[in-house]
Amino acid sequence: MNPNQKIITIGSICMVVGIISLMLQIGNIISIWVSHSIQTGNQHQAEPCNQSIITYENNTWVNQTYVNISNTNFLTEKAVASVTLAGNSSLCPISGWAVHSKDNGIRIGSKGDVFVIREPFISCSHLECRTFFLTQGALLNDKHSNGTVKDRSPHRTLMSCPVGEAPSPYNSRFESVAWSASACHDGTSWLTIGISGPDNGAVAVLKYNGIITDTIKSWRNNILRTQESECACVNGSCFTVMTDGPSNGQASYKIFKMEKGKVVKSVELNAPNYHYEECSCYPDAGEITCVCRDNWHGSNRPWVSFNQNLEYQIGYICSGVFGDNPRPNDGTGSCGPVSPNGAYGVKGFSFKYGNGVWIGRTKSTNSRSGFEMIWDPNGWTGTDSSFSVKQDIVAITDWSGYSGSFVQHPELTGLDCIRPCFWVELIRGRPKESTIWTSGSSISFCGVNSDTVGWSWPDDAELPFTIDK
């Protein structure tokens with residue numbers, strides 16, 4: 001091959017390589033453009049690990065979904081009409097409880113970024129159920145988790161995440177600064193109630209759709225506190241119960257009626273010798289029933305029921321199947337406070353069905369361990385200790401904690417009745433275990449009129465963590 005032929009051959013090869021390279025670059029540009037068009041153009045594509053954020057604009061829901069793709073957030077929107085959660089239906093007839101969620105927050109938090117929390121509770125709109133919780137401004141297995149056994153601090157905040165997920169900075173939404181809280185949905189937007197401030201002058205901040213709409217000042221200057229579970233909404237109005245005063249003596253109790261986040265009416269209960277704290281409230285046939293904690297002198301639970309005009313009735317669950325902790329062994333009940341082992345207590349709940357009652361309680365009579373559901377067909381009004389159903393939820397050898405009620409409205413379930421549900425806090429760490437922190441995970445169950453099973457669904461995290469050693 002002479003020199004001219006070599007030059008022509010080499011030039012031809014270079015030209016072919018250049019053309020191929022140019023075609024590859026053009027193909028790459030087209031591929032990137034098509035991929036970007038698909039990501040930004042598809043308004044209805046479901047992606048895993050989406051975070052849905054609901055905003056309220058001109059009486060129309062806008063469901064904003066931030067889809068994480070290659071560390072870039074692309075915003076998609078679709079309008080969802082608001083409704084009114086009527087709350088006029090009766091509780092659904094049930095025969096037992098089906099497991100609904102379990103977040104395993106402590107187990108996941110040994111290696112992942114999970115908030116140190118307490119007082120978790122669940123509330124549902126007509127679109128979704130969310131877990132609300134009070135953080136300590138710290139993560140598990142981190143130095144700031146030290147000393148988080150304390151109930152009230154300026155670092156505590158109310159946050160929420162999708163039900164069943166471990167609460168982390170990546171899936172959680174800030175709601176309010178609070179060391180005591182409640183939240184509920186009226187069919188249009190979320191109402192949150194967050195109490196913070198000094199013990200002798202705390203203030204409850206009400207937010208509607210994330211915007212401050214009202215405040216409630218402590219009226220007895222003695223640790224204003226509220227439910228630590230969902231408020232209850234009927235026909236566009238939402239209701240909550242607050243306490244102000246001693247935790248071991250006569251205190252003051254008020255019911256508040258709120259509309260679009262503003263207090264429109266309140267009434268103070270005339271309840272001498274009663275003690276109401278941390279009420280678990282639910283709607284039933286257009287009225288509200290709350291079952292609460294007596295931290296003063298009752299090992300059975302006090303209740304208050306009221307209509308939308310705040311006309312109320314009060315009493316104690318009469319059953320000899322006692323619902324508080326600590327408590328005596330089951331025996332003869334009373335429609336007033338049962339005094340033996342009546343001091344102190346734990347947040348709890350019950351569901352009234354006529355003269356009968358579903359009672360949720362710890363299995364242990366003197367520690368926050370184990371959990372069970374008991375059906376006493378005459379327990380709301382009768383004082384004997386007989387019952388017909390017991391369903392195991394957590395074994396007595398495993399820790400439990402607070403528990404509370406929530407409901408699923410027909411607008412969510414498609415049923416013609418209000419489904420009763422409950423959650424159980426599974427407390428881990430101090431003061432019972434050798435850690436520097438106190439936190440918890442949670443489980444939840446909903447009532448069904450079909451097959452169910454009793455078992456134990458414990459937290460089951462292996463302690464201590466690295467930070468504790």
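Any Cβ shown, glycine's included, is placed from N, Cα and C.
Fair warning: this is a prediction, and the values are worked out from it, not measured in the lab.
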Check: Which candidate, Cys184, Cys279, does Swiss-Prot give as the disulfide partner of Cys231?
Finding: Cys184
Next item on the list: With reference to Swiss-Prot, specify which of the listed residues Cys279, Cys318 is paired with Cys292 by a disulfide.
Entry: Cys279
Note to self: According to Swiss-Prot, the disulfide involving Cys92 connects it to which residue among Cys318, Cys335, Cys417?
What the structure shows: Cys417
Next item on the list: Between the Cα atoms of Asp324 (Ca(2+) binding site) and Arg293 (substrate binding site), find the distance and write it as a whole number of Å.
Entry: 7
Next item on the list: Between Arg118 (substrate binding site) and Cys279 (disulfide bond), find the distance joining the two CA atoms and give it rounded to the nearest Å.
Entry: 16
Check: Among the disulfide-bonded residues Cys281, Cys446, which residue has the largest number of other Cβ atoms within 10 Å of its own Cβ?
Finding: Cys281
Notebook entry, point to check: If you count the C-beta atoms lying within 10 Å of each candidate's C-beta, which of the binding-site residues Arg152, Arg293 ends up with the smallest number?
Noted result: Arg152
Item checked: Model confidence over the region 'Head of neuraminidase' (91-469), averaged pLDDT -> 98
Next item on the list: Spatially speaking, which of the disulfide-bonded residues Cys92, Cys184, Cys231, Cys233, Cys279 is closest to Cys129 (disulfide bond)? Use C-alpha to C-alpha, please.
Entry: Cys184
Next item on the list: Could you work out which of the disulfide-bonded residues (Cys124, Cys129, Cys233, Cys279) has its C-beta surrounded by the smallest number of other C-beta atoms within 10 A?
Entry: Cys129
Notebook entry, point to check: How far is it from Cys233 (disulfide bond) to Glu277 (substrate binding site), counting Cα to Cα, in Å?
Noted result: 20
